[in-house]
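Each remark here refers to the structure printed beneath this line.
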Amino acid sequence: MSFFKRLKESVASKTESVTQKFMSGLSKTSSSLVGAMNDLFTGRNKIDEELYEELEEILISADVGVKTTMDLVERLREEVKERKVKDPSELQPLLSEMIGEMLTREEQANQLTMNQEGLTVILFVGVNGVGKTTTIGKLAHHFKQEGKKVVLAAGDTFRAGAIEQLETWGRRVGVDVIKHQAGADPAAVIYDGIQAAKSRKADILLCDTAGRLQNKVNLMEELKKIHRVVQREVPGAPHEVLLVLDATTGQNALIQARQFGEAVNVSGIVLTKLDGTAKGGIVVSISHELQLPVKFVGLGEKADDLQEFDSEQFLHAMFKDAIEQEEVEA
Ligand SMILES: Nc1nc2c(ncn2[C@@H]2O[C@H](COP(=O)(O)OP(=O)(O)OP(=O)(O)O)[C@@H](O)[C@H]2O)c(=O)[nH]1
Ligand SMILES: [Mg+2]
């Protein structure tokens, strides 16, 4: 059975509404990236150096990143040799298979680590405007639907309006928000959040943090301090430190990831705003170059637009036109 056929069958057994979300969220990337690849592969009759070079350009322009692109095309060349592929039309499924290998990690790596014996604490970090607060709101909604008790801590005391924004999400979703006044010590807010979550017997505490302070050094020091408080108050916490990255910022996201990685022990990535970009190739780049799992992707602004990352759903949505075409030709 072909790779596309297998992918299609596997996705068909998954939740239809999730498949639809991935398809609509990735439609921009799919039509531009896979559209360009399709033109390249159908417009050629042999696989040569020129074709590989053009493919590299297409991948880099979709923000797959230079290093990841080079590695990917290198693997593709090897596979072409090994499987004695002659026809350029066979490259599309082969390439999607290679991308799939880059995205797939050990079983469960994409799932959140939860504390089985009490409060789970999750910290959200990232520069301003990437979608931390929105992601917290969406996740609170997700956990609430699972029947969990959730508390939010308003750790961004720096930006005007940040506390109110979290409170609005709290009201919308129906969960408690622990806050101090603007300008207060964020670590003290998180400390109170932990105490409140414990006394209310909450399952999960989601901690918002600032994306910008007077300067970057202050921001990193503040995050370290928050981290220490959490570690001290709950054994084994934080259970996750999720770095939120904005897909529309492209390769800048990788630079941010390295900077935050130096300050706190990032355990996973939330990649937001994939719906707003044709550069969804950044998912592959992040996964391959940072060696960090993408745990969630933001596919829109609504509460249920945050989805657990699923590499099969991602590939299926990206290559949907090619998959359909293969079916028609078969
Ligand atoms: N289209 C789209 N918009 C998103 C997504 N996630 C967040 N946004 C929007 O991005 C904007 C910024 O989101 P915030 O959650 O305020 O970002 P933040 O990281 O908390 O920003 P600071 O508090 O300034 O550090 C808002 O307008 C959100 O609605 C997404 O997945 N898709
Ligand atoms: Mg915020």
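Backbone N, Cα and C atoms are what each Cβ position is placed from, and that goes for glycine too.
Not measured: the values here are computed from a predicted model.
As recorded in TrEMBL:
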type    : residues                  : note
BINDING : 126-133, 208-212, 272-275 : GTP binding site
DOMAIN  : 293-306                   : domain 'SRP54-type proteins GTP-binding'
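Structure coloured by features recorded in TrEMBL.
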{"residue": "G126", "record": "GTP binding site", "CB count, 10 Å": "25"}
{"residue": "G129", "record": "GTP binding site", "CB count, 10 Å": "15"}
{"residue": "K132", "record": "GTP binding site", "CB count, 10 Å": "29"}
{"residue": "T209", "record": "GTP binding site", "CB count, 10 Å": "29"}
{"residue": "R212", "record": "GTP binding site", "CB count, 10 Å": "14"}
{"residue": "L274", "record": "GTP binding site", "CB count, 10 Å": "27"}
Per DSSP, what is the residue count of the domain 'SRP54-type proteins GTP-binding' (293-306) in each of helix, strand and coil?
3 helix, 6 strand, 5 coil
So which of G129, K132, T209, listed as binding-site residues, have a Cβ under 6 Å from an atom of ligand 1?
G129, K132
Please check the binding-site residues G126, T209, R212 against ligand 2 and give me the ones with CB under 6 A, sequence order.
none
Using DSSP, would you call T209 (GTP binding site) helix, strand or coil?
strand
